[in-house]
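What TrEMBL records for this protein:
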BINDING   H138, D163, H165, D167, C247, D249  Mn(2+) 1 binding site
BINDING   D163, H165, C247, D249  Mn(2+) 2 binding site
Amino acid sequence: MYTKGDEQLWTGRIDDTEKKEHFRNFQVTDVVNLKGIDDNRENEQIKEHTAQYDVGILGYAVDRGVYLNQGRVGAQQGPDAIREKFGNMALMNDITIGDFGNISTDETYVENVQTEYAHMIKKSHSLAKFHLLLGGGHDISYAHYKGLRQIYPHQSIGVINIDAHFDLRDAKHATSGTGFKQIIDEDPEAGYLVLGIQQAGNTQHLFNIANDRGVEYVLAEHIDQDSTNERIASFIDKYDVIMLTLCLDVIDSAYAPGVSAPCSFGLSPKQVLRLILEVLKYDKTQHISIAEMNPKYDIDGRTAKMVGHIMFRMLHRNSNIE
Ligand SMILES: N=CN[C@@H](CCC(=O)O)C(=O)O
Ligand SMILES: [Mn+2]
Ligand SMILES: [Mn+2]
């Protein structure tokens, strides 16, 4: 079900109400009700009623897929926790932000909410130049892919996942651990590159699936090798559109305790940011999903704040919105 963004989340310290150089992100954020925008007339209505935002935020407030994957729940509150931290960070450059609200579900399974989320990704696409899709469990990955498929029906899609895990599980129902298996089963043209894989975090069976299905990956301990950039470049070169998704459990649990499945020997935030900026450099990515933010296990909001920082750095070095 769709819920308009909560205006109360976009509040914070006010240094000045007029001069932009004093502003924080919340002071340039509009809460936009997507329900008010007709599916079939979206482009005309956008022109009439809404400027195009530099950045759009759409939340996937769902942790049912984590539960179905035997994980610890709490990520339903992830999108709002990130909004609060990001909103209070300084505004750099003269960007505008649209909060397009959250999708959530009361259902047992996540297939329907994934379909609804994909529809909302399509619907909000022309409302912003760059989109942040905030989770929620990593079942957001399949919804992200389905949304891109609707936006780009004929283009090839390469999927880059910054993650400790392959998420290549087979299951009767979609979960937070099945998203990329669903994508490659459904779309033989899609490619899949995972950056930051933990050997201890994936069984031999999952490595076998990855190898059998031609999945490309870089282990966490090899991420700083020069060859990583070459792997990214040659992967991106093969596809028209790049879907970029970040599973926050790729980051060491010292920095990111507030995730569904915390990780030892994970990447540092700097390493992750470097990977994201490297991918964005190729200008084939207009949507990034950020998954598994779980405020229930966060310590002093440090994980949510780190995500806010990652968003800040992405948005202020992003050629899509310059
Ligand atoms: N989305 C997360 N997926 C991981 C979870 C691992 C864990 O719970 O330890 C997976 O299925 O492998
Ligand atoms: Mn993961
Ligand atoms: Mn994942």
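Quick reminder: no glycine exception, Cβ is built from N, Cα and C everywhere.
Around C247 (Mn(2+) 1 binding site), a 10 Å sphere centred on its CB holds 29 further CB atoms from the protein chains shown.
DSSP assigns H165 (Mn(2+) 1 binding site) to coil in the three-state reduction, placing it in neither a helix nor a strand. Every protein chain considered, the tally of other Cβ atoms within 10 Å of the Cβ of D163 (Mn(2+) 1 binding site) stands at 28.
In the three-state DSSP assignment, the secondary structure recorded for C247 (Mn(2+) 1 binding site) is strand.
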